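These notes concern the structure reproduced below.
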């Protein structure tokens with residue numbers, strides 16, 4: 001007994017120690033690095049990005065200054081799919097050693113180089129860099145608030161403008177960069193950790209005396225004369241045969257921000273008050289509606305069941321109308337039952353993927369410092385959730401008295417992924433045609449196919465085998481051999497009308513959060529409010545279930561027993577509103593002008609909407625499935 005108490009005490013001590021020392025636990029690849037004075041700091045360059053084209057390009061696709069050897073950093077699957085191309089750069093700093101007017105290189109532009117720079121300036125491309133796993137940001141003061149600063153990811157390649165007294169528009173390049181590295185110093189060891197990486201870009205037409213050589217002193221930017229670049233008054237024009245000298249300054253600032261909190265600045269939303277208020281408002285409306293729906297359903301159902309169970313004679317039962325009369329047809333297998341099994345299985349796969357991913361995100365495993373982590377996690381979870389897809393589709397198929405389980409398994413394993421892969425392949429070919437770094441390389445494409453065929457398909461078969469092996473779920477009532485005739489329905493019970501009405505409430509539960517998600521995807525901002533996203537996901541599940549159950553109940557009361565597909569399509573129709581909202585967002589918030597970029601946007605939003613349809617449809621189906629079984633097992637059938 002004493003030994004048992006000791007074990008409990010020891011376990012408790014370990015748990016307590018873990019929580020007390022939790023601040024020392026870091027995820028792989030995101031542990032802090034300490035730098036002493038004079039240690040080299042390696043700046044890496046990432047892709048060039050534009051919100052106008054949505055086509056990323058590698059940094060060295062433009063004729064910028066290059067190091068002696070360009071070295072690619074190892075990228076995970078998610079980074080490659082995002083179009084990240086992380087490489088070394090000619091910018092090398094020394095910790096806490098400021099530098100001024102460092103010359104990187106001198107370029108004389110040919111026709112091709114000048115054209116490339118002008119195109120990227122016209123499309124408002126930004127240069128992205130990384131130092132100690134932190135992205136480079138440009139601090140911009142907000143005019144509406146005092147001392148308020150917002151951060152723009154990356155600096156623009158250049159800008160367009162006119163000389164005073166001239167109407168001709170010229171292109172100017174940002175060729176001088178003033179970097180600020182913020183660090184938090186440990187008073188005991190004297191070492192420091194990097195907590196911020198900022199830049200102010202300038203366009204400067206550098207001048208010098210005499211012939212050009214590597215050690216020449218510039219008259220426009222001279223550390224000896226302490227002449228620093230502070231404005232773009234005489235900017236550097238981009239034209240053929242023009243000389244461009246690339247320079248940079250580095251200054252170091254001590255900061256009170258600790259390493260563990262260094263991402264907080266990046267993740268603060270510009271309109272956080274609007275965001276919080278909108279979400280809370282949305283949740284309150286949805287919760288109120290859900291409460292109303294639940295109350296009506298419980299009261300009405302209780303009255304119905306009590307009334308049906310009190311009927312004493314056969315004559316009274318025949319005079320009665322409503323959902324009880326459908327007991328001999330309500331569990332009759334629907335048309336295209338195979339397809340329904342496939343879609344339900346795929347929806348379960350999606351639900352499992354999103355649920356597990358949300359839990360990982362809430363626990364902090366999908367940190368923004370782990371670039372591509374979210375995409376990689378989604379792909380791997382999708383693959384492993386194939387087990388549940390196979391199981392649920394096989395269970396439903398057996399309920400419909402199906403016998404060819406291998407056929408249904410193949411359809412479950414291939415139908416949805418093949419559709420998405422076909423759209424993705426066409427979009428990838430378009431990106432490839434634009435020579436963008438966003439195009440997925442052949443090797444990665446092969447790895448995706450290998451994940452699909454090598455892991456997902458076998459797991460779907462394993463799940464199906466076990467699902468089909470189990471005895472079929474028994475219906476609470478027997479099905480008649482001859483189908484009952486469905487009476488003529490009122491206009492508001494028309495399938496198309498009720499399905500479209502049913503999708504409004506689930507969409508209403510997510511559309512405000514959807515705005516922030518679309519902004520993070522298409523305007524290249526970080527999204528990290530997974531706590532709220534999880535709450536919205538739970539609300540989505542509740543609303544999908546309740547709206548489907550209510551409309552299913554009305555349908556059965558009107559003596560229409562074809563509820564299987566309608567329950568799936570009722571909540572699934574919210575995907576139609578999602579796609580409409582995506583179109584509205586495209587025309588009101590984005591400045592995409594290229595046809596290829598527009599096709600990419602709508603192609604990817606089609607994939608997202610299709611996935612949302614499968615997810616919400618499955619939630620609605622299972623809610624209605626549970627509801628019909630519950631009510632028909634509650635009444636006495638003679």
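Each Cβ is built from the backbone N, Cα and C atoms, and glycine gets one as well.
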Annotated transmembrane segment segment (source TrEMBL; candidates 312-331, 372-391, 392-411):
372-391
Should the transmembrane segment (529-556) and the transmembrane segment (340-366) be scored as in contact, given a threshold of at least 3 Cβ pairs under 8 Å and pairs 6 or more apart?
yes
State the residues, same chain only, that lie 6 or more residues beyond the ends of the transmembrane segment (568-587) and have a CB under 8 A from a CB inside it; answer 'none' if no residue qualifies.
340, 343-344, 498-500, 502-507, 510-511, 514-515, 518, 522, 544-545, 547-548, 551-552, 598, 601-602, 605-606, 608-610, 612-614, 616-621, 623
Top Cβ-contact partner of the transmembrane segment (372-391) among 340-366, 499-523, 599-627 (pairs under 8 Å):
340-366
Between the transmembrane segment (499-523) and the transmembrane segment (412-433), do 3 or more CB pairs sit under 8 angstroms, pairs being 6 or more residues apart?
no
Remote residues contacting the transmembrane segment (499-523) - C-beta distance under 8 A, at least 6 residues beyond either end:
51, 54, 269, 275, 278-279, 281-282, 285-286, 289, 529, 532-533, 536, 539-540, 543-544, 547-548, 551, 566, 569-578, 581-582, 585, 589-590, 601, 616, 620
